[in-house]
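Asker: In case it's useful when we look at the structure, here is the feature table from TrEMBL:
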DOMAIN    143-205  domain 'WYL'
DOMAIN    241-302  domain 'WCX'
Amino acid sequence: MNLLIALRAARGWVSRKTLMTAIDGYAGLDDVAFDRKFSRDKELLRHMGITIATRAEHDAYSDVGETGYRISTDDYAMGDVDLTPSEAAAVAVAARFWSDTELGASSAQALTKLRALGLELSDDVPGLGFGPGAASKLGNANFATALHHINAREAIGFKYHKPGQSARKVRLEPYALLSRGDRVYLVGNDLDRGAERTFRLTRIEGKLAKLGGREPGDYSIPADFVPQVSLNASTEMAVVTEAVLDIAAHRADPLRRRSVRTDGEHHVVEYSDAQTLAAEIVGYGDAVRVVRPDELARAVDRRREVIGEALDRLGGRSVLSA
């Protein structure tokens, strides 16, 4: 954004030296770091339809050349927007779909600008089958933040809690965001595991944060990366079941924090292995009761029976009763 503002505000060509000294984000960079960041920013602007013109100038009294940059009015001006009724409806529907997420403000601004151009935008389209809150599962949980880091090629860190496992800190070079149903997954290179991994956004605890000591654009997405193949091969795509639990107040807090939503007075927790979750529930004693499913309730009851039998046997030993 700083590059765009600087080049649009300039009356003529802006030299490389000026960019390196006068623009936030470029000041203080060496030649290699500047070239990398500048190339990335040019590519981002190009995707937005904005082209940076380049001109090489040579000093008549030396062999030293200077490169200049600018964005002309023609390159920056937005072309006429002419949407068919179906396209206009699609834009309005998309804006409503994201209205209650962290992308809501941006989508509302986009609608306002399009209406200011005289476009009639209506989201009254039959058969959509979702309400104003339908995007919350997709749009929350760091969606826009993750998208920003992917576009900027910024390595990130976060805390990840997979059902039945302890939370762990992850350092990731993000590649892509993918959705399957109402679930969103973040795919990238796990720096600690040294391999490609997939993470479900709703299992990320807290916020995504840029890794210290890393610079934007200091990694590349592999040329052979195929998002859908990576998602299909991920263990995160294992069948996930929901457990409805009755958790006593002020007890079993780690389990309570993992709930994805509430069902009346009960907490809904996701799991992929009934025996693993059953073992955890038993560890909380009488603080947790399984409301459903029956499979999980039976697994918990069976574990409690086994533990009770073991305690009875231990209690019968003379060495313990002495």
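Backbone N, Cα and C define each Cβ position, glycine as well.
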Asker: Could you give the mean pLDDT over the domain 'WYL' (143-205), rounded to a whole number?
Answerer: 89
Asker: Can you break down the domain 'WCX' (241-302) into helix, strand and coil residue counts using DSSP?
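Answerer: Summed by class, the stretch gives 27 helix, 21 strand, 14 coil.
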Asker: For the domain 'WYL' (143-205), DSSP counts of helix, strand and coil?
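Answerer: The counts are 13 helix, 34 strand, 16 coil.
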